[in-house]
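Accompanying notes for the structure given below.
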């Protein structure tokens, strides 16, 4: 007869053996399930990838358009330096001095991207076309450069400019070296020159002046080559917005949508934007708010203010859209149409070139919104100049009464209504002032469903 104790022990051994097997089987199944889910997640794209895959087919025409763009050519840079030299003569100054920022980009095709700013000054000097500096000013440009950087500077400047180089050793004062070489000149200091450099030039003995309106205005009138570049990059920008709009669904976050727009720029052969403005619902009442993890709700406006660059020239475009299948309230539709009508009024003013001031353009658009009772919610200027800088002279604001609109100016026209904690709407296009204003975005928005 088997004792109770031995039966219990055999039963316990059986349970222990089978428990271990069951536990091992459960763990194996759990691990397999995790691996299967991970594999399925790889097969199923995340929100950003799904949105990108939905939008990118509509961008197919953008890469060829960008690839066919032609950069600013050598002769245009020569003409720019000639115009600068003539302006310096008019201002009775000897030269403009600049760092590798936007002005050196404009006059010599050298940018911060190709020569980063540091504590060691690398300066470009373009002279007046007056005596005692005779000859073709188009090629007469000096560069102050650290001696050990001279080969790099020559490679960067290239052979198209007959430049002169003034070098300084590490144990020398670069500003004194420049003064000893050039003498007591009257220098116009470019507005982007850093303060310690401006002070160094003054202490060395140069007489310095700020940038005159005459010189500052040289970049305001865009050449046909500039207009072509800016048109291409603005068309590409609005193409990204139009491509993604039908794909937007409630539940996406502002950051996810901003990431997709940058992915579309890269697909088009363009650089990403560091700070895109993508805002949903009431958050769009902050004109320059940044994207957050806020998720899109049903029947909310989506404001996208985005841009990129081509050969250094900026685009800037804003659309306030509604995802397909979502419905507007009467108030949303009324406010969107009001902003659209204000933009229409502003654009139309850019054809009145004889005696229209920048202030009048702003006030024409502002009047539309004010007359409808929403003037207090249009809280910024109508627009700004656009070019090698995203915001550059001149500005469409009510105080700019003394600056006329000129043929060849490129402005953004971007009225908006911003009601705190409720709604924000802005529509923006880049426009070339002309007898018939030219949209550099090619098409205006037609509705929140057709950006």
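Glycine residues also receive a Cβ, built from the backbone N, Cα and C atoms like all the rest.
Checking the candidates 300, 330, 428 against Swiss-Prot: the one annotated together with 316, 384, 414 at the Mn(2+) 1 site is 428.
From the candidate list 305, 341, 435, the residue Swiss-Prot records in the Mn(2+) 2 site shared with 316, 428 is 305. DSSP assigns residue 384 (Mn(2+) 1 binding site) to a strand.
The two recorded residues, residue 316 (Mn(2+) 2 binding site) and residue 384 (Mn(2+) 1 binding site), have Cα atoms 10 Å apart.
On a Cα basis, residue 414 (Mn(2+) 1 binding site) lies 10 Å away from residue 305 (Mn(2+) 2 binding site). Following the DSSP three-state reduction, the secondary structure of residue 428 (Mn(2+) 2 binding site) is strand. Listed in chain order, the extra residues whose Cβ falls within 8 Å of the Cβ center of the Mn(2+) 2 site residues 305, 316, 428 are 277, 306, 307, 317, 318, 412, 414, 426.
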